[in-house]
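Summarising the annotation, TrEMBL assigns DNA-binding region to B:124-224. The annotation domain 'Response regulatory' is assigned in TrEMBL to B:2-116. The annotation domain 'OmpR/PhoB-type' is assigned in TrEMBL to B:124-224. According to TrEMBL, the 4-aspartylphosphate annotation covers B:D51.
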Amino acid sequence: MKLSAKLTLFLGGSKLLIALLFIFSLPFLVGKIASAYTNAQLRAQKAEVLKSIGKNGIVYYLQGETAYGSYTMLKEEYISLEETNRSTGQDTIKDSQRLVEQDTLNYRVLSFVFRHGGKNYLAEIGKTNKSIVAYNRPLQRFALYLFCGLILLSMLVDLAVIRRLLAPLGHIIRKRLGKAELPFQTGAPSETTGTSDFRFLEQAILKLQRQVNEAFLKEREFTANASHEFMTPISILQSKMENLLNDEALSESLQPRLAEMMQSLERLKKMCTSLLLISRIDNEQFSRTDSVAPALVLTEVLEDISHRIEQKEMTLVTAIDPARQITRMNKDLLFHLLYNLINNAVKFSHRHGTLHIYDELQRGKYLLHIADAGNGIPAEEQEQIFERFRKGSNNSQPGSGLGLALVKSIANSMDIGISVRSETGKGATFSLSFPV
Amino acid sequence: MKVLIVEDEKGLATEIASFLTKANYVCEHANSVALAKDQIEASTFDYILIDIGLPDGNGLDLLPYARKHNPEAAYIVLTARGNPEDRVNGLDQGADDYLAKPFFLPELQSRMLAIARRKFKIAETLLPLGSFSVELQKREVWQDANRVELSKKEFDLLSYLFLHKNRVLTRLQLSEHIWGTFADDDYDSNYIDAHIKNIRKKLGQYGDTSWLETVRGVGYRIRLS
């Protein structure tokens, strides 16, 4: 997942969590506040009551009765006074039910005992719970709306900032790592960021890519030069051996050994030739101006290889569209590519095996399949077979170990996709995919 | 026949000269463009073999100059292997053929002979091969009035051995002559053996083929006195 997506998800999630926490705790909080406010109000009223009694005297309220009670019209509040033998002490506030004119109502009641004119009186000031929660709902709703609005605003701000902050990272990834193919494009660093981490990251990537490029180009140059330079001594050696082979002074018994030496030299020559060709291809020294019919190239290849197919008494089954043309190709290289693949297929097939070569159109690609009847390539080796000097464990055939590396180089340079499908014991199918 | 070898690798030039001298050519050697120019001005050659990479310039640049002074000569360009432009440029500049290094010496000689037949229009003659006679251009083998039917590859093999008679040719040299650089010694040599067997069988119906010798562990040779 991309960093910006992750950050967005995280921010969204954390804000949602906070919102949920707030929504669930809101009634409780508001209730607490309302209750504390009511208590404070009750205490203020107590002070008021005591002040009035101090001013008017208790008789003014009791009027000779033992108790006094009064409530507002809607019974939201009430007050009661009566003589008590309880001693003065702590005030208590608790929720309890009171019967007022046949109605049983829930009140928050402040009870306190006070002394007046040598007697103890119990006073109660009550407030209905209904009036306490009356403010709760609008308060809650208002808080909720405000909160949601703020969360949304902060989300938008966060997203905008993340986008802006991470934009240079996306730019660096696209520009530096988008085309991960050697050699890397190492243009000047972009000037789009003030974030030092990103600047550092880009510079580090650039530095590494330049180093890799340098090593890559050096290797290429070395391969090209070395194989080219090897050719001269090989030429001389080969010519000397050819002349020596027909020298009268050479005894007949030494001739076979000289022939063996020539064979070894031939292998060396083949390796150098292949390496040289690979490096020429990698250095893009071949033009891509030919329009080629694969069927025609195949015919040429098969002509060159037919004697090997005959010798192994193999059956050849081909089904290729003769009209198909591929543009932007190099005919020689396509020949090399098909030659190597088909030659391998023959080489690794069993005697009397069948070699299938067929094509198909699939999702805008022209596919060419070459299926052999050999031992197959174990799955764990399929990745490596295209590397230089890599030979599979099933491969006991002589060879330079460069054939498939050459195939890969050609495929890369001509934008031909190449893949292999194989199961041990069931042969291997190499598939080429050409852009149409 | 006079040959000028323009090649800066002394070791290679010596071996080419040694091989061609044995085949009755007269060889001279130049190791630079400048020296080659001197020699081309001084005398006339039938063949000029030009290496492309010379210390004082590209051998291809020598071609127009050489052709001016020596228009009758046959030119063979010796290229570095795997450089297709060299081939095209060489032929554009008027070379008669090209050979990629490293090449087999018998191959060089057979190319020289092929150019000679083409260029100097040598009258076709029946060349004797034991009790048979060979017509190289028509690609035919006769025994008196009987024509021996050979396949294309069989004739290629026979004529190549015939051109280099009294010389042992390895299976490698033979298969590279027939399949070029795509020859694969590891299993084409069997194929050479099979073809030689066929040639012997086909010719054997008409006459003795003991001149076609197997050299054990090496290859084949046509021995004619």
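Note that Cβ sites are derived from N, Cα and C of the backbone, with glycine treated the same way.
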In sequence order, which same-chain residues at least six apart have a C-beta under 8 angstroms from B:D51 (4-aspartylphosphate)?
B:V6, B:E7, B:D8, B:E9, B:G59, B:L78
Just give the helix, strand and coil counts over the domain 'Response regulatory' (B:2-116), going by DSSP.
55 helix, 31 strand, 29 coil
By DSSP, what is the split of the domain 'OmpR/PhoB-type' (B:124-224) into helix, strand and coil residues?
44 helix, 24 strand, 33 coil
